[in-house]
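**Q** Structure incoming, see below.
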Amino acid sequence: MATDYIVKDIDLAAFGRKELDIAETEMPGLMSLREEYGESKPLKGARIVGSLHMTIQTAVLIETLVELGADVRWASCNIFSTQDHAAAAIAAGGTPVFAIKGQSLEEHWDYLDKSFMFPDGPNMILDDGGDATLYVLLGARAEAGEDIIPVPQSEEEEVIKAQIKKRMAESPGWFTKTRDQIKGVSEETTTGVHRLYDLHKNGQLPFPAINVNDSVTKSKFDNKYGCKESLVDGIRRATDTMMAGKVAVVCGYGDVGKGSAASLAGAGARVKVTEVDPICALQAAMDGFEVVILEDELATADVFITTTGNKDVIRIEHMREMKDMAIVGNIGHFDNEIQVAALKNHKWTNIKEQVDMIEMPSGNRLILLSEGRLLNLGNATGHPSFVMSASFTNQVLAQMELWNNDDAYAVGVHILPKHLDEKVARLHLKRIGVKLTELKKEQADYIGVTVEGPFKPEHYRY
Ligand code: NAI
């Protein structure tokens, strides 16, 4: 169908294509999968619904899935993260995509629904944050007469319920049928992976899942080195504020927190960290960051960034204490890290897209980025292509595993085998001129590995 898409402006396709061509040169993992599997088409027959930020890098992922034989339909997993020229290029290339930067929440769930509408229904999900999986599972629950369970982002709950009810009225039984023909899901991010483990623990996961996030070549690269580049990029594009000399507080020192703290420190900010986990707190301290309590920094810090994947980390009582023109933003998956809803009855002045100034009762103003949604994708263009190539090579391998090698994956949450993780890394070495030393046979025997790898035991933490 020629118009089976919703994008901001299809005329942006030519610009999108030019940037896609450049991105391809920085995504060696995806391009070598095209070379290796473009002819054998291992994803033939797969009908993949994708729910992941519709960026230029994602466009290269989509075209790789298509080149490997899949039918694909796509929606973004965040209302602010779409790059409209990337969406236009994908639509113009014939893959149905439903994503506009700045779409409403209602549109977000409607577009997700549209991405499921293969004539014969989808049989695979590629998810980021779990919305696509959540949609089909909640709908199937509702069809079974159960309550539509509360979801983590409570302000979205009503919107999701309304969308599910609409689909149920239009196509009775659709959710159950769709759930039953899904062969598996590959999940991109920490927050989505938490949801999958929870679902499985509660006996509610009906199909196998691959946790792409915990491939070493995903979380130890995208979450860390990706945020190292894209956090300050987002703050700068939003505010043009001088970073050097400013005091920045990073809440959370997991993979994203490590990258974020490094990003700010690299820009010359004086960085402080809050943590709940003693191991991560000790890491932050030994990386040279002061580890503090948020409450002690409110009156003096200039920038506050949440990276926890947790809720209510920066609360209204915190924001009331912040100094005039403090910058507040989140780089975790959902917007519930900051209590944005509690600011709704304050005076908001929109500065530009995804940048708001909010007047607090004290008269102090806050600069809020992307309404508390992940600012590296809302205010900038997310991570650079090279690191996303590693993430998305894992995604493609995960889809191939679930589609072709399903005997190996029972219902549950799995991680890709280490030899594939090492393969992803290997595919990225040449582009940056890395020369790998080869083990001698005797050396390999001595440390208990083979010359070809895997080189580490499963419990090794990198
Ligand atoms: P992680 O689990 O490695 O790190 C989160 C850290 O936050 C943990 O060390 C935890 O102890 C700490 N934490 C939890 N509650 C806290 C609190 N109240 N105060 C201070 N610290 C607290 O998770 P990861 O991989 O760093 O991901 C964090 C979030 O970022 C997730 O929502 C993930 O989905 C998202 N993400 C976003 C990306 C982006 O480009 N914006 C990229 C990758 C992940």
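Glycine too: its Cβ is placed from the backbone N, Cα and C atoms.
Nobody curates TrEMBL annotations by hand; they come from automatic prediction.
According to TrEMBL:
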- T55, D128, E188, K218, D222: substrate binding site (BINDING)
- 189-191, N223, 252-257, E275, N310, 331-333, N376: NAD(+) binding site (BINDING)
- 223-382: domain 'S-adenosyl-L-homocysteine hydrolase NAD binding' (DOMAIN)
**Q** Hey, which of the binding-site residues K218, H333 is the loneliest by Cβ count within 10 Å?
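**A** Counting other Cβ atoms within 10 Å of each of the binding-site residues K218, H333, the minimum falls on H333.
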**Q** Could you tell me which of these binding-site residues, D128, E188, D222, E275, has the fewest other Cβ atoms within 10 Å of its Cβ?
**A** E275
**Q** Mean pLDDT, the domain 'S-adenosyl-L-homocysteine hydrolase NAD binding' (223-382)?
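**A** Summarising the domain 'S-adenosyl-L-homocysteine hydrolase NAD binding' (223-382) by its mean pLDDT gives 98.
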**Q** Within the set T55, D128, E188, K218, E275, which binding-site residues show a CB-to-ligand 1 distance under 6 A?
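**A** By the Cβ criterion, which requires under 6 Å to ligand 1, the hits are E275.
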**Q** Enumerate same-chain residues with a sequence separation of six or more from I331 (NAD(+) binding site) and a Cβ-Cβ distance below 8 A; give 'none' if the list is empty.
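**A** Same-chain residues close to I331 (NAD(+) binding site) (Cβ under 8 Å, separated by 6 or more) are C227, L231, G234, V256, S260, I305, T306, T307, L374, L375, N376.
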**Q** I want to verify one value. Collapsing DSSP to three states, which class is I331 (NAD(+) binding site)?
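**A** Note: I331 (NAD(+) binding site) is coil by DSSP, not helix or strand.
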**Q** Among the binding-site residues listed here (T55, D128, K218, D222), which has the Cα closest to the Cα of T189 (NAD(+) binding site)?
**A** D128
**Q** Relative to the Cα of E188 (substrate binding site), which of the binding-site residues G252, G254, E275, H333 has the closest Cα?
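**A** In terms of Cα distance, E188 (substrate binding site) lies closest to H333.
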**Q** Could you tell me which three-state DSSP class K218 (substrate binding site) falls into?
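**A** Its secondary structure by DSSP: helix.
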**Q** Drop a 10 Å sphere on every Cβ of the binding-site residues T189, G254 and tell me which sphere holds the fewest other Cβ atoms.
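**A** Among the binding-site residues T189, G254, the sparsest Cβ neighbourhood within 10 Å belongs to G254.
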